[in-house]
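Taken from TrEMBL as is:
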- Arg66, Gln84, Arg89: substrate binding site (BINDING)
- His167: active site (ACT_SITE)
- Glu271: active site (ACT_SITE)
Amino acid sequence: MSAEKMHVEHCKGVNGLDKVILREIRGCSAEVYLYGGQVTSWKNEHGEELLFLSSKTTFKPPKAIRGGIPICFPQFGNNGSLEQHGFARNRFWSVDLDPPPFPSNTSHRAFVDLILRPSEEDVKIWPHRYECRLRVALGPGGDLMLTSRIRNTNTDGKSFTFTFAYHTYFFVTDISEVRVEGLETLDYLDNLKSKERFTEQGDAITFESEVDKVYLSTPTKIAILDHERKRTFVLRKDGLPDAVVWNPWDKKAKAMPDFGDDEYKHMLCVEAACVEKPITLKPGEEWRGRQELSAVPSSYCSGQLDPRRVFCSG
């Protein structure tokens, strides 16, 4: 296999859908489907899957892929007139062969640039022209980086407004043994209580029932600790002030046809998002957001999250 192909391979995935496999020298990898511009797999150097993908997902357009990292654009959730989470996750993206210059780490050789532009059908439901770019990069140490750039290309002088999220599904061993650090004491909107605003209590967030919350003005770094596997996911983000935390629990899981009845035990969505205060772009303006995911052993201390406290586990 050529060095170039070793890092970036274009091939066919489930149901013949186009996908790109990114690989790094130590054996970590990521897979990105052009359908949805969606990362569906992220593996460490031991070949262990770090993202959750439902066994029931069909990979049949126009249905969205259940799991991985769906892109929610131009609308998160039902905050608007479009379909749930907008339409970017069920459109076919293209490989961007001529991306604009990228101020990124040149040591990354495993990356792909994708672009989504509106079809004439899309313009009927959301009457704007845009370029939505996504770079997915796999660092030499296995970190996964997603960078989005959205530009208003309207020629009629009109601004547009959107909300956005990376709807990341983390694979966890047992949801009841997971905790999230970095969101303590913050305000959140509870989607299970008509988006009412509350303040988070307690030390770290743990899970014993359905959760669907939008945390506001969140730090740039959040940790998800999988106690049973002694693994910590670290999510770093930029340009995305909110963080959505979601687990459907048993009743909702049973009601979703593309989700196994017990799969809620093995997943947690922690989503870098911009929901509370939508972004407005004038023609020619560009917005940029990014998230970086890493997985480290939990003996690691996440004291950097809050200089007043040090969390260690392991």
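Numbering starts at 1 and runs along the chain as displayed.
Just so you know, glycine gets a Cβ as well, placed from its N, Cα and C.
Automatic prediction, not curation, is the source of TrEMBL annotations.
Feature annotations (TrEMBL) mapped to structure.
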residue: Arg66; record: substrate binding site; contacts (Cβ under 8 Å, 6+ apart): Leu53, Ser54, Lys56, Thr57, Met256, Asp258, Phe259
residue: Gln84; record: substrate binding site; contacts (Cβ under 8 Å, 6+ apart): Gly77, Asn78
residue: Arg89; record: substrate binding site; contacts (Cβ under 8 Å, 6+ apart): Gly36, Gly37, Gln38, Ala64, Ile65, Pro70, Ile71, Cys72, His167
residue: Glu271; record: active site; contacts (Cβ under 8 Å, 6+ apart): Cys72, Ala165, Tyr166, His167, Thr168, Ala243, Val244, Val245, Trp246
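There are 23 other Cβ atoms within 10 Å of the Cβ belonging to His167 (active site).
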